[in-house]
Ligand SMILES: O=P(O)(O)OP(=O)(O)OP(=O)(O)OC[C@H]1O[C@@H](n2cnc3c(O)ncnc32)[C@H](O)[C@@H]1O
Ligand SMILES: [Mg+2]
């Protein structure tokens, strides 16, 4: 079976990716699955693209094989695009999903439904030895609810209603999320690269 390293330690993202790569017959490994431990990579960029490059290129250098990284987050219009690139640490360094979404709900208190628009964004970076890094961006438009609902997914999924859905992203099954997500939309754009692996 073909194999690919994803430069992430996020278990929720990895679940998405395992499902997304399965149809291609590719087994994906996260940085937590490797026998050699990989230290945390500092995300010093100010854009999704910069951080995706930092993660993909660092791990590509370590193993000298092609690596994909995902930098993603949620942009909320009423918060001027926040949490954005800082989505993982919005409520502090602990990277606490529940604290993050509670902070968003707090900041959106009193904001009417029609102004609660936003989107998930995912930038994928493909780093390959001796080649220029490739980037593709995927988005998923939606609205932010006023309470957390649903048990699936991770991060901000329980407060995000994908456009046209009466269920939050966390009420969708993995298969349903993987048909419409920002991650799926970005992956669609590198399908040809994935197929030639
Ligand atoms: O950098 P890695 O190790 O991949 O893991 P991370 O969690 O730090 O990942 P990011 O830096 O890309 O930050 C992404 C954050 O955006 C949010 N997020 C991204 N994709 C999401 C999704 O599909 N559903 C819900 N929240 C998501 C969630 O809070 C993530 O922690
Ligand atoms: Mg990160």
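In case you wondered, yes, glycine gets a Cβ from its N, Cα and C as well.
According to TrEMBL, the features are:
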| type | residues | note |
| --- | --- | --- |
| ACT_SITE | 71 | active site, proton acceptor |
| BINDING | 8, 9, 10, 11, 12, 13, 72, 154, 155, 156, 157, 177, 182, 183 | substrate binding site |
| BINDING | 42, 71 | Mg(2+) binding site |
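Structure with TrEMBL features highlighted.
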residue	record	DSSP class
8	substrate binding site	coil
42	Mg(2+) binding site	coil
71	active site, proton acceptor	strand
155	substrate binding site	coil
182	substrate binding site	helix
Cβ neighbour count within 10 Å of the residue listed as 'active site, proton acceptor': 27
Maximum Cα-Cα separation (Å), residues 8, 9, 10, 11, 12, 13, 72, 154, 155, 156, 157, 177, 182, 183 listed as binding substrate: 20
The residue listed as 'active site, proton acceptor' versus residue 157 (substrate binding site) - Cα distance in angstrom: 16
Between residue 8 (substrate binding site) and the residue listed as 'active site, proton acceptor': CA-CA distance (Å): 9
Lowest local Cβ density (other Cβ within 10 Å) among binding-site residues: 42, 157: 42
Those residues of the chain, 6+ apart, with a Cβ under 8 Å from that of residue 72 (substrate binding site): 13, 48, 87, 120, 121, 122, 123, 182, 183
Residue from 8, 10, 12, 155 whose C-alpha is spatially nearest that of residue 42 (Mg(2+) binding site), among the binding-site residues: 8
Cβ-Cβ neighbours of residue 182 (substrate binding site) (radius 10 Å): 25
For residue 12 (substrate binding site), the number of other Cβ atoms found within 10 Å of its own Cβ: 14
Residue, out of the binding-site residues 8, 10, 155, whose Cβ gathers the largest set of other Cβ atoms within 10 Å: 155
